[in-house]
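For reference, the structure discussed in these notes is given below.
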Amino acid sequence: MIEKSQACHDSLLDSVGQTPMVQLHQLFPKHEVFAKLEYMNPGGSMKDRPAKYIIEHGIKHGLITENTHLIESTSGNLGIALAMIAKIKGLKLTCVVDPKISPTNLKIIKSYGVNVEMVEEPDAHGGYLMTRIAKVQELLATIEDAYWINQYANELNWQSHYHGAGTEIVETIKQPIDYFVAPVSTTGSIMGMSRKIKEVHPNVQIVAVDAKGSVIFGDKPINRELPGIGASRVPEILNRSEINQVIHVDDYQSALGCRKLIDYEGIFAGGSTGSIIVAIEQLITSIEEGATIVTILPDRGDRYLDLVYSDTWLEKMKSRQGVKSE
């Protein structure tokens, strides 16, 4: 038997987590802004954490067996994470997606050989989430040994981030954390990480970054194009009282934020990261200079080449927001 060093993992799943943190000196020179690079997980996003945590918990407790057929509604990243882990574990998986999934994400999911169900009809809010959930319910009623991941209501979702990135953040940042800024969709990441951070930094302010037109915090629903941030339903795992501030960012602003991050820091990240950059820019106009801000960069930019990094898409979003061309 070949002896392996501690740096050699037995499985790709062992490389989930322990993502690096970087300080964004160029973008925010008057504040200490630390970003956790969650896009450096093996599946390319922070969704590797709940996918691994939920599946391994299910296997441990006998809820998931070799005959189980996993089912989940996803805008892309969780689907990729589940597909990766299902392939490693030898499990069947069906991902329910909609037309707003990025073409790259859809290709990646299909490359793993899992089943893909594409819904076509938008829901009452103009999105597809409720339509996807209806399709999930239909599949649960017809597929034998089906197991729904159910990320919007599954307490294991936020727990994965509490024990994962949340713990890693408090182990890395030793100075007091004044603000934790995170995007929301299922709200699992902001709930889990903030709860862990508050245990060590009780005075931290929790700032949620939501999409304009998302209903999570009561905004009026409008058509949204950017996947991975916002929702057309309020997640069951959200506790609104734990959020101190909400900043809404539209699709056009998000794209500009992504491009600015590349220009200043050389970081090529996904759409919700652009929303985070815009939100932090707004936040620092009203807080003390030198404050410590911690955030997360959820996924990779190469999954959005047809969206936020497309000049055609950018012009479309610019026109939709009524921004006049210079």
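Backbone N, Cα and C atoms are what each Cβ position is placed from, and that goes for glycine too.
Every protein chain shown contributes to the tally, and the Cβ of SER272 (pyridoxal 5'-phosphate binding site) ends up with 32 other Cβ atoms within 10 Å. The pyridoxal 5'-phosphate binding site annotation in Swiss-Prot covers ASN77, SER185, THR186, THR187, GLY188, SER189, SER272, and the record cites similarity to another entry as its basis.
Per Swiss-Prot, the feature N6-(pyridoxal phosphate)lysine maps to LYS47. Around the Cβ of LYS47 (N6-(pyridoxal phosphate)lysine), the number of neighbouring Cβ atoms within 10 Å comes to 31. Secondary structure from DSSP puts LYS47 (N6-(pyridoxal phosphate)lysine) in coil.
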Centre the Cβ atoms of ASN77, SER185, THR186, THR187, GLY188, SER189, SER272, go out 8 Å, and tell me which other residues of that chain have a Cβ in range of the pyridoxal 5'-phosphate site.
MET46, LYS47, GLN151, PRO183, VAL184, ILE190, GLY228, ILE229, PRO298
Proximal but sequence-remote residues of the same chain as THR186 (pyridoxal 5'-phosphate binding site) (Cβ under 8 Å, at least 6 apart):
GLN151, TYR152, ASN157, ALA231, PRO235, ILE237
For SER189 (pyridoxal 5'-phosphate binding site), which residues of its chain lie six or more apart in sequence with Cβ-Cβ distance below 8 Å?
MET46, TRP158, HIS161, ALA165, ALA182, PRO183, ILE296, PRO298
For ASN77, SER185, THR187, listed as binding-site residues, tell me which one has the smallest number of other Cβ atoms within 10 Å.
SER185
